[in-house]
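Database features, via TrEMBL:
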- B:Glu289: active site, 5-glutamyl coenzyme A thioester intermediate (ACT_SITE)
- B:Gly264, B:Ile265, B:Gly266, B:Lys267, B:Val268, B:Ile359, B:Asn379, B:Gly383, B:Lys403: CoA binding site (BINDING)
- B:11-172: domain 'Acetyl-CoA hydrolase/transferase N-terminal' (DOMAIN)
- B:322-462: domain 'Acetyl-CoA hydrolase/transferase C-terminal' (DOMAIN)
There are 2 protein chains.
Amino acid sequence: MTAVSRIHNTSLHDKVISAEQAAAMFTDNMVVASSGFTKAGDSKAVLNAFAHRVQEEPMQITLVTGASLGHGTDGLLAKSGALSLRFPFQVDSLLRESINKGDVFFIDQHLGETAELLKNGHFPKIDIAIIEATLIEQDGSIVPTTSVGNSAVFAQLAGKVIIEINTRVPLALAGVHDIFMTGSYRSHAIIPVTSPEMRIGSTSIAIDPEKIAGIVITDIVDSPAEIALPDASTKAIAAHLLTFFNQEVEAGRLTQSLLPLQAGIGKVANAVLHGFIESDFEALTMYSEVLQDSTFDLFDSGKLLFASGSSITVSGEYYERIFADFDRYKDKIRIRPQDVTNAAEVIRRLGIIAINTAIECDIYGNVNSSHIGGSNMMNGIGGSGDFARNSYLSVFVTQSAGKGNTLSRIVPMVTHVDHTEHDVDIIVTEQGLADLRGLAPRQRAKAIIENCAHPDFRQALTIYFEEACERGGHTPHVLEKAFSWHTNLAEFGTMKPVDVPANAVDF
Amino acid sequence: MTAVSRIHNTSLHDKVISAEQAAAMFTDNMVVASSGFTKAGDSKAVLNAFAHRVQEEPMQITLVTGASLGHGTDGLLAKSGALSLRFPFQVDSLLRESINKGDVFFIDQHLGETAELLKNGHFPKIDIAIIEATLIEQDGSIVPTTSVGNSAVFAQLAGKVIIEINTRVPLALAGVHDIFMTGSYRSHAIIPVTSPEMRIGSTSIAIDPEKIAGIVITDIVDSPAEIALPDASTKAIAAHLLTFFNQEVEAGRLTQSLLPLQAGIGKVANAVLHGFIESDFEALTMYSEVLQDSTFDLFDSGKLLFASGSSITVSGEYYERIFADFDRYKDKIRIRPQDVTNAAEVIRRLGIIAINTAIECDIYGNVNSSHIGGSNMMNGIGGSGDFARNSYLSVFVTQSAGKGNTLSRIVPMVTHVDHTEHDVDIIVTEQGLADLRGLAPRQRAKAIIENCAHPDFRQALTIYFEEACERGGHTPHVLEKAFSWHTNLAEFGTMKPVDVPANAVDF
């Protein structure tokens, strides 16, 4: 089968061009949109060609995506100086460095909101969208690949569309997608999902064929997800959480099939999902963003009935295995636009159990998911806020300490707030689990310090909390010491009490 | 007409008891729920009688409501030491003092979430609910008074229900309510509101008559809302916002009827609503929480077509006038449960323009709505987070400085985050308006400092921001100085640079 046979609409055959020809359409200051969600289904040929072009011919674009692109794209674009503004998410070390230097402007955005903001005209109009495709249907509509992300709304809003047909993607992916358009004001649609498996849309992205400016054939595989196997610490977190779920079942609040699960990316969330395999829970479902290796392990174990997400982001080994026999999974999966997977109304209606990773939590349960030391961007908030805000249960997991126990991930006050204490129900570290439901701030502080803090930091947290309570307040703080742990870390390399000059801030 | 004629179900006539008899049903550690939303439609007889009983016979209850109760209730209960835990909102000075001392535990909660948390069993079971009523229907169902709040879910979940029939409430209120139950997992309902005026429920609250433990007759009027007439500063804020809305109409993003409006309580929001009366905008609608004096002025001016809310909270003068001729407004109003008025899905679907008041904003657009000096609770987050998070446009208004310009309401870093920068689109002070849409943090800081900060503080904010940028970061901060403005205020009575000892933190 030839590559062009994936273009079922033969009138489009003469639109096939090279990646370099496609990249030549970009001009300085353009707003470019690309498919791609957590490294899955991104533009790997055209954006790469553009990054190379810019090295000879400097220019800058605004780049909007579903979520992060692969390392070959976001990193190379940043290195080439090709980006002026990037949103809504990234995970690349080179791009991150440019963002933190102030060389690239970055908008850190709830992943469920980008489509809405674009439709509302709150951002400039998209000039060109690049969408990776498995194939083009007879009617010209696009069957996406391993992600949907914001591709459907990009196809709708962009002036021109370039399609990257990826011949490495198995044709079996066709049919797994569920494309639903949420509409615009004043005729915004109800998103009618009432169970994770419910199909509400079509299997391909409708597009005006006149807008197709070029079709590029590629065979570059998605950047693989990095594998992080469970270790003693992440297994302990998983065990605490499973014990808690068992208690909830005993209390009659949940059943053995729990409620639909969402799990963020990362080794802790991965360990938690693996923990279910050995558990008594059964007939589980997922209504998540990213379907990872652990999702397929859960399918294979028979524990998981269905999974909805916006991408399949797996390791190289799993990619080969899953797509060699995709029909085995196809009926158990739907890949949807991220304004459907992350929709507040669906998350509330289904009663999601949301499990996300914190960079740090404070003693009152505020969570920082995005910043290091208050100033430096790590990856972004991603979809964690979409899920935490409207879930049945909002769980945040983190290891209690890091960097050889020089830093505590439970701190007096987080240096950046992504999730306010109103939206955080459960905090779990390898030390234990704090159930914050129904607790006032002073009670939350005790529960978090006692259950979650690392023993090396527990006393210092208690001293801070007691001093704060002596001053009074609903959420007692000692403002001049609230960040002393972080400034100590920056200055002395540890949050622990150190021999410091007498005039320095103590704790 | 006698009071008892408001009980259309005659088999309930023998359940009439005194407020003191009702209050005698409470025992130590009970969980009590009461109707009432921003001082409207609260239990004014039974809770008052209980507060008096506790003065003789000490005991404590958990009290959950819709939102704030009147001063005669929350204040008296706090003074009597009758409360161990209170949620989800309050505005009383005596109760606030007890909360900040740590004598009363308080859970500051999104007003749209309380019903959900109760239904999910995340809080202890409600023993007794007290619901103020206009009348009891033949089928035993309850017609509420000036608010709905959480009353419907209280009636559903409580073991016993006490009804307070308030004979001062006009019978014309019957028919204005729209009671819809959102259901429980796994059969959570779609909330089908697609326009502000759409009726989705019934006009009264269904209840199992067996649960009615007593009916108390009262004639105590709601605590009146405090009136804050527009002044030069709040009029300037309104003018900036109206200019912005006009620009949005010119840009084709909005029409002359805008999108449904939500406005928080307070003199700034009130001034903004009054600003519409003299404007060219027309055929406006509201999908809000609280219908205030300004709502009725907008009706009278012909500018407002319809208003949906969870309560009618007006001044004494307006109360008399509105309810003397309520049929004039009745068809233009629906009073609904707060998990419908504040539902994420409806707010997103209708495209609400949300206008709420900030206590302070920081240079990156994070907003503090609830705390003074990081520790002390003012009122609570209320519904501001429900609306800001999912609105079409999230606007926060505040005066740029306060207390004789000794404190800036634009600060380097807010001491408590209720609304993260992701959820804040527009900040307005009397100095001007910062449109933050599509801006990265460093751009947001410039827009906020230039447009919103008071001139007395603008230079100091710029110095902080520039020092932070020299250190670098996506959201540059100087952690050891981030709260120096607040610690200076506490120590020296001003955020302005003062002659301080050489070793003190400078700015």
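Even glycines carry a Cβ here, placed using N, Cα and C.
Automated prediction, rather than curation, is the source of TrEMBL annotations.
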What is the number of other Cβ atoms found within 10 Å of the Cβ of B:Lys403 (CoA binding site)?
10
What does the DSSP secondary structure composition of the domain 'Acetyl-CoA hydrolase/transferase C-terminal' (B:322-462) look like, as residue counts for helix, strand and coil?
48 helix, 38 strand, 55 coil
Chain-internal residues, separated by at least six, CB under 8 A from B:Val268 (CoA binding site):
B:Thr234, B:Ile237, B:Thr357, B:Val397, B:Thr398, B:Gln399
Cα-Cα separation of the residue listed as 'active site, 5-glutamyl coenzyme A thioester intermediate' and B:Gly264 (CoA binding site), in Å?
8
Is it possible to get the count of other C-beta atoms within 10 angstroms of the C-beta of B:Glu289 (active site, 5-glutamyl coenzyme A thioester intermediate)?
32
According to DSSP, which of helix, strand or coil covers B:Gly264 (CoA binding site)?
coil
Packing count at B:Gly264 (CoA binding site) (other Cβ atoms within 10 Å of its Cβ):
26
Non-local Cβ contacts of B:Gly266 (CoA binding site) (under 8 Å, 6 or more apart, same chain)?
B:Ala228, B:Thr357
Once the chains shown are all counted, how many other Cβ atoms turn up within 10 Å of the Cβ of B:Asn379 (CoA binding site)?
19
Look up B:Glu289 (active site, 5-glutamyl coenzyme A thioester intermediate) in the DSSP assignment and reduce it to helix, strand or coil.
coil
Using only the residues recorded as binding CoA (B:Gly264, B:Ile265, B:Gly266, B:Lys267, B:Val268, B:Ile359, B:Asn379, B:Gly383, B:Lys403), report the maximum Cα-Cα distance in Å, whole number please.
26
Arithmetic mean of per-residue pLDDT over the domain 'Acetyl-CoA hydrolase/transferase N-terminal' (B:11-172):
97
